[in-house]
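So that you can see what the record holds, here are the features copied from TrEMBL:
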| type | residues | note |
| --- | --- | --- |
| TRANSMEM | 6-28 | transmembrane segment |
| TRANSMEM | 40-62 | transmembrane segment |
| TRANSMEM | 68-89 | transmembrane segment |
| TRANSMEM | 96-117 | transmembrane segment |
| TRANSMEM | 153-176 | transmembrane segment |
| TRANSMEM | 197-217 | transmembrane segment |
| TRANSMEM | 237-261 | transmembrane segment |
| TRANSMEM | 273-295 | transmembrane segment |
Amino acid sequence: MSETYLNFAFIITVLQAAIRMSTPLIWATMGGIFSEKAGVLSIGMEGILLVGAFGGFIGAFYTGNLLLGVLIAMLAGGITAAIYGYLTVKIGGSQAVVGTALVLFAAGITGFLYRAIFGVSSNLTNVGMFSDLKIPVLSRIPYIGSILFEQNVLVYLGFMVVLITWFTLYRTAWGLEIRSIGEHPEAADTVGLNVNLYRNICVLISGLLGGIGGAYLSLANANTFVEMMSAEKGYMAFAIIILGKYNPLGALLGCLLFGFADALQLRLQASGINIPFQFLLMLPYVLTLGVTASAGRAEKPAALARPYKKN
């Protein structure tokens, strides 16, 4: 390999990008973990990311405020998740089928609305974009300072959400109740827990967090909306949850792994390396599949994807 790909500046650039590339996955996986710990598949996360990206873009475009754009993205993600929760938790529809249908609907409706509002043009409509926020003192730490502490606010919040998710699920009574519903809803019901209410709340949380992940795509990773810009990240988040064994900290490592692979393939393409770009595009998925296959079996919540009907 050429010295270009081994020099320190190249490595630092890849690691900086890896943090950014992993951020939408972090938001999506944390939301998905809440949902799946309660027994509801997060297979519709791809659609939630997409409507979040569109909602964030539209919100920022019409209000001129990025934070309002994020709030509107959360609203869009929450509404999408609420629909999913109603059809699966309340009515008892197949979570896999409804989730897949939701993704297809999100792809269609966001593309239709974008074209209806902005027309069909090769020129993309742009909005503002979250800028990097340097953390005083910490950003000056040699090497790691520029990697970890020169990111935008959604990156910092994403890492905080990982800790909040872990603490909530494993160190609070509410988290214990969520996990008990995902493992044995009948037993949870007998002690007075409203199983379907808990599940709907967790699905709603997944939509709110996934909506922020979508907003990151259109307001931090880019400054516009592009049809299908979620680019299978929702499906990857679904796989990362399994890779991380349904634990927020394990899922964080999976997100960073995928983010690193994605950043590496992009930087290698930009450097002009003599490898067909199609092979480089495969790198994140091949790496993630390889790690998932070698990680061993993950113990999923016992009642995952199983509707609950109170007797």
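Just so you know, glycine gets a Cβ as well, placed from its N, Cα and C.
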**Request:** For the transmembrane segment (197-217) and the transmembrane segment (96-117), decide whether they are in contact, meaning at least 3 CB pairs lie under 8 A, counting pairs 6 or more apart in sequence.
**Result:** no
**Message:** Let me check one thing: do the transmembrane segment (6-28) and the transmembrane segment (153-176) come into contact, meaning three or more Cβ pairs under 8 Å with sequence separation of at least 6?
**Reply:** yes
**Message:** Counting CB pairs under 8 Å, which listed stretch among 68-89, 153-176, 237-261 touches the transmembrane segment (273-295) the most?
**Reply:** 237-261
**Complete:** In the same chain, residues at least 6 away from the ends of the transmembrane segment (96-117) whose Cβ sits under 8 Å of its Cβ atoms read 41-44, 46-48, 50-51, 53-54, 58, 80, 83-84, 87-88, 225, 227-228, 234, 305
